[in-house]
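Reading through the structure tokens given below for one structure.
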Amino acid sequence: MSFFQRLKKSVSQTTESVTQKFKSGLSKTSTSLVGAMDTVFRRSKIDEDLYEELEEILIAADVGVNATMEIVERLRTEVKERKVKEPEALKPLLSEILLEILKGEEEEDIGMNTVDDDLSIILFVGVNGVGKTTTIGKLAHYYKEQGKKVVLAAGDTFRAGAIEQLEVWGDRVGVDVIRHQAGSDPAAVIFDGIQAARARGADILICDTAGRLQNKVNLMEELKKVHRVIGREVPGAPHETLLVLDATTGQNAMKQAQIFNEATRVTGIVLTKMDGTAKGGIALAIRRELGVPVKWVGLGEKMDDLQPFDSEQFIHALFVEEVEKEA
Ligand SMILES: Nc1nc2c(ncn2[C@@H]2O[C@H](COP(=O)(O)OP(=O)(O)OP(=O)(O)O)[C@@H](O)[C@H]2O)c(=O)[nH]1
């Protein structure tokens with residue numbers, strides 16, 4: 001069975017609607033990245049020019065310099081080892097390498113680290129405007145659909161609008177939001193959130209925080225305090241610290257990731273607005289450069305457009321035309 005056939009079989013094990021969401025959410029990246037690669041694969045032979053052109057295409061899709069170098073190096077090795085002569089045969093080879101990079105070293109670490117028999121706490125970090133509030137709302141919806149009781153804590157007290165926005169999502173999804181006034185101590189809101197979640201028998205508490213990057217020391221201090229309070233109240237928590245990044249901001253998102261990763265222990269990335277960019281290659285750069293797994297992707301504005309990240313669905317969506325041709 002060829003690589004594309006195996007990929008098709010593998011993605012068919014999840015529901016069709018998930019495959020559709022990945023396909024439509026990644027269609028811009030697929031058109032631009034895989035579309036551009038077509039000219040490479042139509043070259044008459046595999047030579048230096050081909051590798052260089054491929055490098056340029058990957059970098060233009062925000063795959064990042066290091067990831068691009070690794071991909072092309074691995075491709076060269078495979079071409080030698082398997083004695084590949086036809087440029088056309090590079091397609092499945094390349095997609096297989098992309099999949100390996102996306103999966104990273106530890107395949108199992110992309111699931112959410114929540115507990116079944118106690119309160120799980122998920123902390124959200126990220127700068128304003130990346131889709132943090134929207135993502136919290138969508139995640140609350142996701143867990144509610146699974147029959148979990150969810151409470152939200154409005155820990156972004158820096159901006160009055162953020163608290164109200166979270167309340168709107170709370171109403172929309174039908175979950176309680178614990179809030180204080182704007183300007184109050186985020187750790188105090190989250191402390192109250194934990195008490196309320198416990199009193200109401202909640203399974204999941206999702207905490208928002210402010211994302212002030214301008215002052216790294218403040219950001220670190222605030223996150224440290226929040227961590228301390230959460231860890232003291234619920235041993236082992238927060239179970240996840242998710243950093244929200246806007247995929248459309250490319251290398252700027254990488255920079256934010258580095259700063260937040262230094263300020264706190266980020267356990268997973270949420271890449272939002274994938275549907276709005278042709279540069280979805282950022283997912284590869286993040287996996288390769290930060291070593292932090294992408295756990296969720298935002299593939300649209302609807303409530304169920306936030307999907308658990310699935311590297312096979314991702315590669316399938318990018319190369320879907322090739323997959324269909326072969327199957
Ligand atoms: N197309 C698309 N839009 C998204 C996605 N995620 C979020 N958005 C939109 O991005 C915009 C910003 O989202 P917010 O949730 O307000 O961003 P935020 O990070 O909370 O911003 P602040 O409230 O300023 O902190 C909204 O219009 C969302 O609908 C996504 O996956 N796809």
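Backbone N, Cα and C define each Cβ position, glycine as well.
Annotated features, as they stand in TrEMBL:
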- 22-102: domain 'Signal recognition particle SRP54 helical bundle' (DOMAIN)
- 118-265: domain 'AAA+ ATPase' (DOMAIN)
- 119-320: domain 'SRP54-type proteins GTP-binding' (DOMAIN)
- 126-133, 208-212, 272-275: GTP binding site (BINDING)
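When pLDDT values are averaged over the domain 'AAA+ ATPase' (118-265), the model yields 93. Annotation for ARG212 (GTP binding site): spatial neighbours VAL127, PHE158, ASN218, LEU219, GLU222, criterion Cβ-Cβ under 8 Å with sequence separation of six or more.
Applying DSSP to the domain 'Signal recognition particle SRP54 helical bundle' (22-102) sorts its residues as follows: 65 helix, 0 strand, 16 coil. Neighbour density for GLY126 (GTP binding site): within 10 A of its CB lie 29 other CB atoms from the protein chains shown.
Residues GLY129, LYS132, taken from the binding-site residues GLY129, LYS132, THR209, ARG212, are distinguished by a CB atom under 6 angstroms from ligand 1. Taken through DSSP, the domain 'AAA+ ATPase' (118-265) splits into 76 helix, 24 strand, 48 coil.
Around the Cβ of LYS132 (GTP binding site), the same chain contributes PHE124, GLY126, ASP156, ASP208, GLY211, VAL244, each under 8 angstroms and 6 or more positions distant in sequence. Sequence-distant contacts of THR209 (GTP binding site), defined by Cβ-Cβ distance under 8 angstroms and a gap of at least six in the same chain, are LEU123, PHE124, VAL125, GLY155, ASP156, PRO186, GLU222, LEU223, VAL226.
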